[in-house]
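Remarks on the structure that follows.
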Amino acid sequence: MTVANTETHSAAKPSSTIGPWKLGETLGFGSTGKVQLAQHERTGHRTAVKVISKSIFNNNGNHSNDDSVLPYNIEREIVIMKLLSHPNVLSLYDVWETNNNLYLILEYAEKGELFNLLVDHGPLPEREAINCFRQIIIGISYCHALGIVHRDLKPENLLLDSFYNIKIADFGMAALQTDADLLETSCGSPHYAAPEIVSGLPYEGFASDVWSCGVILFALLTGRLPFDEENGNVRDLLLKVQKGQFEMPNDTEISRDAQDLIGKILVVDPRQRIKIRDILSHPLLKKYQTIKDSKSIKDLPRENTYLYPLADSNNHTSASIDDSILQNLVVLWHGRHADDIVSKLKENGTNKEKILYALLYRFKLDSVRGSNKKNRNKIKKTKKNKRSSTLSSSSSLLLNNRSIQSTPRRRTSKRHSREFSSSRKRSSFLLSSNPTDSSPIPLRSSKRITHINVASANTQATPSGVPNPHKRNSKKRSSKRLSYMPNTKRSSLTSKSLSNFTNLIDDDDWEYIEKDAKRTSSNFATLIDEIFEPEKFELAKREKAELQRKVQEAKRQSVNAQKINEDEFGSEVSDGMKELKKINDKVSSPLINYEFSQQELLQDIDTLLTNRYQLSSYTRPISRLDPGLTPVTETLPNNLKEKTALLQDTEKKIIETIRRSKFLGSLLNVRGGLSPGKSELAPIEESPIVSTTPLIYNDRMEPRRISDVEVPHFTRKSKHFTTANNRRSVLSLYAKDSIKDLNEFLIKEDPDLPPQGSTDNESRSEDPEIAESITDSRNIQYDEDDSKDGDNVNNDNILSDFPQGVGISQEYDMKDKNPNQSPISKSAEPTLVVKLPSLSSFQGKNASGLGLYQREPSKVTLPSLTSNNSSVGENIEDGAEKGTESEKIAASLSDDDLKEDNDKKDNDTVNAPTTVKKPPNSVLLKKFSKGKILELEIHAKIPEKRLYEGLHKLLEGWKQYGLKNLVFNITNMIITGKLVNDSILFLRSTLFEIMVLPNGDGRSLIKFNKKTGSTKTLTKLATEIQIILQKEGVLDK
């Protein structure tokens, strides 16, 4: 193509528009350039623009003096792509070029590549896979019938439109196949290339395309490739392809028909390979074939169309050659003599002239068929205001395009610049050898086409009927209209001949050149204008289809959005119900017939009085004193407002009762030990709440509230509740001075008691409550003063702790174990004597304050407890202020350490303690001098490995009850974890470690270590584990 000088514009910034197309976002990159989304400025139609750099042409051996001239093979390739008009072949709409790039305006496939569909969804169902495969075979059959082979078929080059129809794209490797010549270029992808291409042998392109289709079918049905190497070794892959070595899927993966078709396609010998038309008649494709598919197959051109382009529908050879198509071939071959082309068309065998003739002839038939179908039921009316322009010129003007130079070029270019570039309409040409019997080729959009009357080649003079070439060549209104579609805008070239159009190409003042965009070449542009005309009707049809697609897409999105909203609403409701159920299950109190909120205490009292339910002793009451429960707040019913005065009074009494129960719960046995002469207290039986009458208090003898006495508190487990219950009671210690003077207080209470040194071991061992209370009080003082005066503390004076119990089912009653026991006494300075509160109001059978949580004493006998008699040291500093004692719980020691501690105490005491062996199934506790790590031990009679596995499963099942961060060290048999403070047991957060150690003779030992946190929490955990082991019968008796 001849290009005018545009150096002043070549360095400019690349334009965002090419002709009428406005370039947009980049869709992807290829080997020859990038692909951008484009939109028509007037119609809004979207296309894909493939940008090809001209530097590729120069690198491929194009050494023309004019760089803007495209190679002939590129021009032919573009014409072939345009002439391939099939629903399953990607359409080429237009071609534009600049100084540096070539722009191919292609059909836009919205759903992308078939490869991405397989990656996202995996193998397709057989019906969908066969529908896609059938469209691929039909499109390739169309190309093969016209002598075109693709040679690069793969899922990446198969695109999908908005309706998931196949569009075969990327004809960059395509070639014209003839019988005389075999192809030799090795091209394509290794996974899809045929064995003959991989081997480097001359091959027939039709058979190689069939092999690629077989690989694609395998991928559609299985989601993988038949020839592949996991390590990426291309050499091994090519060897597999050469041998045709692959694994056929079994019947469970694909059907027998699919196995048969794949076996017939993937044959190494191309001569034995199934033909493309035979695939369409295979039972697998016939299984899912529809009427529409049958029609598409029927509309395919003859299989040997490229061999006999001059044959008619009955394969009878026709000697006549269409002159208009012949002239187009002359234009395409850049002035090649027509006789030479005619001889090529009539000779035997195949050649490129026959293939191009067949393509143009097929294109012409499709255009005529489409035009006749649109105008079948229309009545043509004569329009007086419409004109018909015909151009007459001699064939000499066609053959010598630059022979007419009668007027200055400047004037001619200006006139045609206004007529062409300003309207941005492209010209249409149809070359005809006979002005009377030649007919225009109507394009698919039925745009108006002006045909040129070409006279005899021997006539050199201009006919008298031809006007001045620089004036408009229009006839009168009475001239007969030759366009097929009425009411279409005129878009024809108003020059006298092709010679004048060629001269305009060389003009520098063209507006196309000013906008840095031009057509490819003069002769090539002539052909492109004829077959690429973007007709108005075609664009309107596309706009209508696009609008319908958008409306359907909007409806589909609306339905999907509504469905998603409904699903989200349903999931939210379901999640809310599950969360509510979890909350209800987590609440330990029964929820039967609770009509109102559980937050307010008045509602609880009214419900208890109304229903009179026998509550289980294993449940915890719900009240405002319990911080772990926060139910939903609701308003009180109207009938309860009348009882406000009575309920307020009752509320105070209930609260005082609860406080007194916590204040006095652990002092019952202490009081019994201090008064050995009094009668035994009968055990309190489990009974429902039967009354809320005011309790009788002795104001002179008992403090009414805990806040009345400023004392430190030490929380421990009450003996009046079952071990399954988590209630705690508070033992009041009257200042740290009372710790020293407790023995003197006991002596004053009963002066006949013997001194501490004479206390018999049996009496001391039967009632551990007093010793435990004193020990706990002593521990509080020691823990607080440990950091300050640790050097002054004598560890020998600290009493040894006693076991807290053997299990949750073993309980202490409130009887005096021995009425004649001797209390501990100690000489000290006299201090103020404070009377402990009496329990007269709770000794009755129907007492309402504590009866709810009591149960009958367990029949399991308690093990005898070992105690050591030692004096309480007085060397603790008195500088600590009153009320600052903390609840730090001492660490524990093993049995051997306890004996060593007792031996050390023997040096300072008169009477050596008598040690009684503890039961092996009890939890052992000891206290270090300054340590803060608690150790508990449980003995079992099974091997340590079996015991560790049982603990592993047990603790895993307790994760939902507050056990977190469990770490299992199988090698060392160590389990570490944490009990969080928001657990269902409402215990303090504690970090613990459990070790399973061998104990000889197939026995084992569980050792609990408290790292940080609460001793009470660790003891609770050890006790619960001990109960489970006792039920399983694995405790060491």
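Every residue number used here counts from 1 along the chain in the order it is shown.
Just so it is clear, glycine is given a Cβ too, placed from its N, Cα and C backbone atoms.
Residue annotated by Swiss-Prot as phosphoserine (from the set SER318, SER445, SER479, SER707): SER707. If you compare SER294, SER495, SER825 in Swiss-Prot, the phosphoserine annotation sits on SER825. When pLDDT values are averaged over the domain 'Protein kinase' (21-285), the model yields 88. In this structure the alpha carbons, written CA, of PHE29 (ATP binding site) and ASP152 (active site, proton acceptor) are 17 Å apart. In sequence order, LYS34, VAL35, GLN36, LEU37, ALA48 are the residues near LEU27 (ATP binding site), counting only same-chain partners six or more apart with C-beta under 8 A. Working note on the recorded positions GLY33, VAL35, ASP152: by count of other C-beta atoms within 10 Å of each C-beta, ASP152 ranks first.
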